[in-house]
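Asks: For reference, the structure I am asking about is given below.
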Amino acid sequence: MPKIVLGQDVLFIDQPLDFKAVECTPGETVIISAEMCDEENKVFHSFASFLVTESGVVDLAADVPTEGTYDSADVAGLLWSMILKETDEDDYFVKKTDCDLSVRFQVKYQEKVMDSKEVFIKFMNDDVKKLNILEDGIIGNLYAPVAEGKYPSVIILSGSDGGNEGHAASYLASKGYLVLALSYFNDTGLGTDLENIELEYFKNATEYLKSHASSSGSVSLIGYSKGAELALVLGERYDRYSSIIAGAPSSHITSGMKNGMFAPVTGWVQDNDPLPFLKMKFSIGMVLKSFKGWIAKEPFNFLGVWDKSLHTDKAHDSRIDVQKISCPILVIAGGDDRLWPSETHTENIKAQRHDDRDRYLVYEEGGHFISFPYNFHQMPANVNMNIGKMTMNFGGSKKANAKASKQSLEEILSFLHAHNEGRGV
């Protein structure tokens, strides 16, 4: 009777899964499936069918599925390829907190469940502690290594969903950093929309982290999407950072947001003055195309809107002056990003910069969600999001986005280590 054999049933998010099905009948087909919930209690699942060899063992790291939600030998394939169970279609997997993920694996033979095992994926280990933020007005979660010392510090900035990335911050703290997952809207005590956000808030958070008892005094920024735009704006205006990592960035200041959608409102404010933002330009053709897509239930994206907006006479007024950023920057983009053209934005940023310490990574088949802090390769990769009866397409594929996530995480950790003082590993 087929059995599941695990190398471990509790693993850290960057620790490879070790999974085999043993005592299988050679020449027969077994199905291995996986299931987990996101933080909105949506259930995601995946499966892979395998033709059993003479060894009687199915090894996820070595064996290629004959059918399933992924198509190559990949021990993480059942994790990144998950889709929404309710509809068997793709949806956005929500993960924000430092809580464990629970994965239920099953092995089936002739439509019967032969064995089942649960695996817990952790983002916070015993080497990390969560600290109280002892500064009025700063909202978020603060993590540090348990061992006493002064560590290089990092602020992680969320994108257009707001809140904070506690799971990413707790993970990074395990690598030897003092990490602040900073909220700036859509959290307790803050506004619900990305609108009229004062840059002084981030300046205060930076100074707080610099002077923290567990800080070496160096602070880096990691931002994603709108958070990457924000990180570049802060680097341009405050010479306080050791390095900046911008994932899926914009080279221009874009508008604020209402109810999770871009709107003609100011996003960033400095000294009570709203920063000029790129006006979104819609054509009648774009509106009609979107309407037809909605009727046909086809995924939509904003690429046409951004392309038109970036080629207006006034687009230059909202460009981020990245040449003023004194620290090295790492920029990560997907060539198939369909939320906005992050590869084009990356080229714009690179054209302004003349710093040999900078790094630019473009994953041609990757979409919008391809790297830390929003994506780990052992989580369901995000390609689409269902919004009511519409589906927004972020680009890439689950396979390409997961591959980019794994590779870019190594680059991020290496870049942070190279450009920060202190004991970060």
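Cβ from N, Cα, C; glycine included.
The active site, charge relay system annotation in TrEMBL covers Ser225, Asp337, His368. Annotation comment: TrEMBL describes 197-419 as domain 'BAAT/Acyl-CoA thioester hydrolase C-terminal'.
Context for these features, please: burial, neighbours, distances.
Replies: Sequence-distant contacts (6 or more apart, same chain, Cβ under 8 Å) of Ser225 (active site, charge relay system) comprise Gly159, Ser160, Gly247, Ala248, Pro249, Leu339, His368, Tyr374.
DSSP assigns Asp337 (active site, charge relay system) to coil, not to a helix or a strand. Neighbour count (other Cβ atoms within 10 Å of the Cβ, all protein chains): 28 for Asp337 (active site, charge relay system).
Of all the Cβ atoms in the protein chains shown, 28 others lie within 10 Å of the Cβ of His368 (active site, charge relay system).
Per-residue pLDDT, averaged along the domain 'BAAT/Acyl-CoA thioester hydrolase C-terminal' (197-419), amounts to 92 for this model.
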Asks: What kind of secondary structure is His368 (active site, charge relay system) part of, going by DSSP in three states?
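Replies: Its secondary structure by DSSP: coil.
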